[in-house]
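Undergrad: I'd like to ask some things about the structure below.
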């Protein structure tokens, strides 16, 4: 068996990725999120596949087909809510995974980091298109508002929006193409995940100290397979708690009304995991400026490898940078809260201040703190 594991062309790849992979001996539970995301992705693809068997991508029947899944299909309600809450779980894990990468300086593996950013964008696109599919009120208006942002692009904007819609509004053509893209994108995500892992295994994992760990490596199996199973249990428990006790906790009540183009909901907002970016978009009074800020809020991640000025890789021994990272975390929580609030007096100002602080912290304060910490080291 050992011989086969190490010699068979296909099993050899699995062996080098999950069994005999040399892993730093000191990585903490923060390194569990990659495997948790993998499990989450598999769950999303499986539940999505079963949902696609019963769903119809047509404006007249989409809403009732989702109702049919919940009422008449065996365990349809479970599959539907696992899929919907699985997306929330996916984003919680992604954000924690990115936060870990920033804290421990994992972004210095620039290829792995950049593919990670592509993955984030692909997952966001997939989640957005999936949210449109039930053709509820918030689905319809969310799709209308977000796709309409492209009309801010000079000269070609309006044509581009109508081309994406396949008509003059979000209609059957839009739903059909969104379903097609929502189905194919997860497989593209799987390919990107493989590339992400390929580049990661070229360099080996980072570790909490941020130092080279070549002198102290242990095999991935059994040490980290066992450790990951603990993570799977926690994640499984959390998602089942959500699905079985409060499946609509993170959803929007408006989405239980069928889409009605003649009736606009009082507060149009996306799912909770996009609210921080939505708040940044809304805090700029200009349409094109808002779209640019929205893109910048995600793409600013690509600047981390170039903005790393510290002599230390990890933030473990950098108190000023640590404080700034927690300021950034609180800032994102405030943006998420603001994104879900109506556009009126105190919220507009809070949103603008939080948006400004977000970019200020990442682009100016973090590099400055790195330089200050380098100076302190010399003293």
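Start at 1 and count along the chain as shown; that gives each residue its number.
Glycine too: its Cβ is placed from the backbone N, Cα and C atoms.
Per Swiss-Prot, heme b b562 binding site is recorded for 83, 182. For 97, 196, the entry in Swiss-Prot reads heme b b566 binding site, with the evidence type similarity to another entry. Look at Swiss-Prot and you will find 201 tagged as ubiquinone binding site, backed by similarity to another entry. Summarising the annotation, Swiss-Prot assigns transmembrane segment to 33-53, 77-98, 113-133, 178-198, 226-246, 288-308, 320-340, 347-367 and lists similarity to another entry as the type of evidence.
Just tell me what is around each of these and how deep it sits.
TA: Cβ neighbour count for residue 83 (heme b b562 binding site) (all protein chains, 10 Å cutoff from its Cβ): 21.
For the recorded site, residue 97 (heme b b566 binding site), the DSSP three-state label reads helix. In sequence order, 33, 34, 37 are the residues of the chain that are 6 or more apart from residue 97 (heme b b566 binding site) and have a CB within less than 8 Å of its CB.
According to DSSP, residue 201 (ubiquinone binding site) is assigned to a helical segment. Every protein chain considered, the tally of other Cβ atoms within 10 Å of the Cβ of residue 201 (ubiquinone binding site) stands at 14.
Outside the transmembrane segment (33-53) by six or more residues, the chain places 69, 79-80, 82-83, 86-87, 89-90, 93-94, 96-97, 100, 130, 179, 182-183, 186-187, 189-190, 193, 228, 231-232, 235 with a CB less than 8 A from a CB of the stretch.
Same-chain residues lying 6+ beyond the ends of the transmembrane segment (77-98) with a Cβ under 8 Å from its Cβ atoms: 30, 33-34, 36-37, 40-41, 43-44, 47-48, 50-51, 66, 69-71, 116, 120, 123, 127, 130, 235, 238-239, 242-243, 247, 250-251, 271-273, 301.
With a threshold of 8 Å between CB atoms, the same-chain residues lying at least 6 positions outside the transmembrane segment (113-133) that come near it are 48, 55, 57, 62, 66, 87, 90-91, 94, 98, 101, 106-107, 139-140, 142-143, 146, 170, 174-175, 178-179, 181-182, 185-186, 188-189, 192-193, 195-196, 199, 270-271, 273-274, 298-299, 301-302, 304-305.
Same-chain residues lying 6+ beyond the ends of the transmembrane segment (226-246) with a Cβ under 8 Å from its Cβ atoms: 29, 32-33, 35-36, 39-40, 78, 81-82, 85-86, 88-89, 93.
With a cut-off of 8 Å between Cβ atoms, the residues of this chain six or more beyond the transmembrane segment (288-308) that come close are 98, 102, 105, 107-108, 110, 113-114, 117, 120-121, 124, 149-150, 152-154, 276-278, 280-282, 355, 358-359, 362-363, 366-367, 370.
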Undergrad: Go through the chain and flag residues at least 6 beyond the ends of the transmembrane segment (347-367) whose CB is under 8 A from any CB in it; none is fine as an answer.
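TA: For the transmembrane segment (347-367), the list is 279-280, 282-284, 293, 296-297, 300, 303, 307, 309, 321, 324-325, 327-328, 331-332, 334-335, 338-339, 341.
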Undergrad: Distance between residue 182 (heme b b562 binding site) and residue 201 (ubiquinone binding site) at the Cα atoms, whole Å?
TA: 29
Undergrad: Far apart in sequence but close in space: which same-chain residues, 6 or more away, have a Cβ under 8 Å from residue 196 (heme b b566 binding site)?
TA: 112, 115, 116, 119
Undergrad: Under DSSP, is residue 83 (heme b b562 binding site) helix, strand or coil?
TA: helix
